[in-house]
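What follows is a single structure, written as structure tokens, with notes after it.
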């Protein structure tokens, strides 16, 4: 039989390298002390399961594992799909068996990895159903590490923080992973704000985050993040390394830190010890929390991906996943069963599944200039960051307005970029509204044109999923990007146009390779904001309407 496990009961004498102490067709896979040789390098013949068809089972056979793989890494393969109830490592064979809590979870796992090849330590691995319906392990020394790892992981996954924080669980996790619970995080292509609260929102889906320190080094935004245990750190690294927080930017590069613990002295927008809420802020500057925490750490943000919080690679095909239900991971919010088109559209905005914006899409905008603000001006300004659906200026409090975006992620972008900027001479304040939608006035209700529905507006910038406009979203700046300029319009024409409403034009430059585009620099950010509101979609003739957006460049 050359060491292949047969599908019939056998009663022949077994050698020391035989894997099973009991072998029954489709019965439990029983690991005993006689299997010790299979964990070493002297066992040559074991080839795992002999199968011709992938009959679903709770037990999954993993092959071609890297020789230095850890128990934690193998367990992490199954975590996004449900609870891992047992593990058998055959390191000498570069194989493992994972037992899931349900056949459904195992089936989802195998289906997923059939379409997206799993990789551990840069090496492709292979996953298939086992012939065996369950794993039964004994108390042999070879199983001690696997069981300790399982206990540590499951204690965190089930929310049993007391057990997870116990010395035994932490020690077992350290021995299992051989790694620090501290991660070093570098964010590349930082086009949008990434704050301490953004990181906490993302990384807390994989375990209990104890401390975070953020800093800038070599002109790169970096962070150190400490988990309660190395298992969570391992899981987060495997799931998030190389992923983009937002589409096509803010790429996470994650490594283990040489530090085993962080020393946080202050709780502010740069550092946080979640176990010590009593720590001082350490400076007199207002914390970014006031403007950012509501945006990115808001409760109720849900995933537009059916694999909520699972941290799948960006290669995962969203349409294939629509409607699937996968058990939550580390308290991740409930997955949504949504149409594939909606899933694909949402995925084009936010790259990490657990951060996609199906949360509150309505913003409360206050401290407006009641003499000058109009629904149209708010539509154009907020439309730089998403597709505005409705705007309502409050009838009895015209310094306040509600702006409804297409989804929660767009609302968060608009809030993070516009909060505190001046509009019509006043610094606007923006928060998430308690309302879930903006109501249109009833027929006959006095409104004075203060409520507008823009749901079908042709001026939406982000109608097409994956549009390049998603990659050109920048905070308000004095420099504006102009496009769709006809050949007959000159530099002087545009300078005259932008100074006609009292603004000062400080600089202008056509793009060398494309005179349909240009940069124009106004006297201040406030002037640029006003110019964008007044001149976006301005008719330049020849069937050309000017497109205006904020630029990250200067002249």
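Placement of Cβ uses the backbone N, Cα and C atoms for every residue, glycine included.
Source: prediction; values computed, not measured.
The feature region 'Disordered', as given by Swiss-Prot for the ranges 389-411, 412-434, 435-457, sits at 435-457.
Looking up 16, 281, 488 in Swiss-Prot shows the phosphoserine annotation sitting on 16. Residue 64 (SUMO2 cross-link) has a Cβ environment of 12 other Cβ atoms inside 10 Å. Note on proximity: among 64, 126, 137, 217, the recorded positions of the record, the Cα nearest residue 457 (phosphoserine) is that of 217.
Residue 126 (phosphotyrosine) has a Cβ environment of 13 other Cβ atoms inside 10 Å. In the three-state DSSP scheme, residue 217 (SUMO2 cross-link) falls into the strand class. Applying DSSP to the domain 'RRM 1' (58-142) sorts its residues as follows: 29 helix, 29 strand, 27 coil. Ranking the recorded positions 64, 137, 217 by the distance of their Cα atoms from the Cα of residue 126 (phosphotyrosine) places 64 first.
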